[in-house]
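Colleague: I'd like to ask you about the structure that follows.
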Amino acid sequence: MSSTPVNVTVTGAAGQIGYALLFRIASGQLLGADTPVKLRLLEIPQAVRAAEGTALELEDSAFPLLAGVDVFDDAKRAFEGTNVALLVGARPRTKGMERGDLLSANGGIFKPQGEAINSGAAEDIRVLVVGNPANTNALIAQTHAPDVPAERFTAMTRLDHNRAIAQLAKKLGVPSAEIKKITIWGNHSATQYPDIFHAEVGGRSGAEAVGDQAWIADEFIPRVAKRGAEIIEVRGASSAASAASAAIDHIFTWVNGTPAGDWTSAAIPSDGSYGVPEGLISSFPVTASGGRFEIVQGLELDAFSREKIDASVRELAEEREAVRALGLI
């Protein structure tokens, strides 16, 4: 076992996703069963007391890998020496709120967090933004951390990726483990494009295995893209445990690598691949090795896929222009 604990900062730690996430991190599921962790919980002042209650529960669980828990309401202190940051806390969209108001409110959260990461985080910092609008929140944070390599800022589309695997496995009546090379393209929003044309199921193309283009276009894609809204309607609250599980998956894969013969999906800064403007934080098919994500190259895209990707990328570009106009980047 490594003797030096990894510092993991979780924002919005008193929320439902935070609660579902923290115990799994402390148990070793984020980084592995031989890596001790120190948890640093960041909350707004009015939620610090609740976060302190979660810290007491974490202590009571006596996790062998948990080297300590600290609670903060100051971003500079919370990110001091941090190796892994999960930015979960964000301002949710409320009824009647315009998109500009939402972006502005989240800019007030992610700008200072980016600055705090820039000034105090460890040199090997890795950042995953979970709080929505995740791609653009990640862009805001990354812009305000100019001394941190841009590739260290990512946004989560692993939940969409996992949802796509689950829906395809259910349709075909196979275990989810048999589904390989699913891709989520673009924004973590209703415009995202879940792509099964390069997926593999028992050696066959996912689309060929389904054999029903109408199901792909009219049921699969909207079901995955709008699954969050479906869960809110059924559960009466937003996805929490599944979002936490996807965040664990994202970081674990980033640190430990993708399995041979497979890839995953992550929103990372574009290098211009597949016509996505450079610098946009967009979801791509990626592999991970040596602690780095790499975009899978050379995939052929038909007109259907190209149209779907372009629509989501346009939305990302519009969000970037909106936060630029607000002076947030």
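In case you wondered, yes, glycine gets a Cβ from its N, Cα and C as well.
It should be emphasised that the depicted structure is a prediction, and the values quoted were computed from it without experimental measurement.
Taken from Swiss-Prot, the feature active site, proton acceptor applies to His188, supported by sequence analysis. Per Swiss-Prot, NAD(+) binding site is recorded for Gly12, Ala13, Ala14, Gly15, Gln16, Ile17, Gly18, Asn106, Gln113, Val130, Gly131, Asn132, and the stated evidence type is sequence analysis. Annotation source Swiss-Prot lists substrate binding site at Arg93, Arg99, Asn132, Arg163, citing sequence analysis.
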Colleague: Distance check, please: Cα of Arg93 (substrate binding site) against Cα of Gly131 (NAD(+) binding site), rounded to an integer number of angstrom.
Modeller: 11
Colleague: Output the one of Arg93, Arg99, Arg163, His188 that, of all these recorded positions, has the highest number of other Cβ atoms within 10 Å of its Cβ.
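Modeller: Comparing the recorded positions Arg93, Arg99, Arg163, His188, the most crowded Cβ belongs to His188.
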Colleague: Are there residues of the same chain, six or more positions away from Gly18 (NAD(+) binding site), whose CB falls under 8 angstroms from its CB, and which are they?
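Modeller: Counting only residues 6 or more apart in sequence, the Cβ neighbours of Gly18 (NAD(+) binding site) under 8 Å are Val10, Gly12, Leu41, Ala51, Thr54, Val88, Gly89, Ala244.
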Colleague: To the nearest whole angstrom, what is the C-alpha distance linking His188 (active site, proton acceptor) and Arg163 (substrate binding site)?
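Modeller: Just about 12 Å between their Cα atoms.
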Colleague: Counting Cβ atoms within 10 Å across all protein chains shown, which of the binding-site residues Gln16, Gln113, Asn132 comes out on top?
Modeller: Gln113
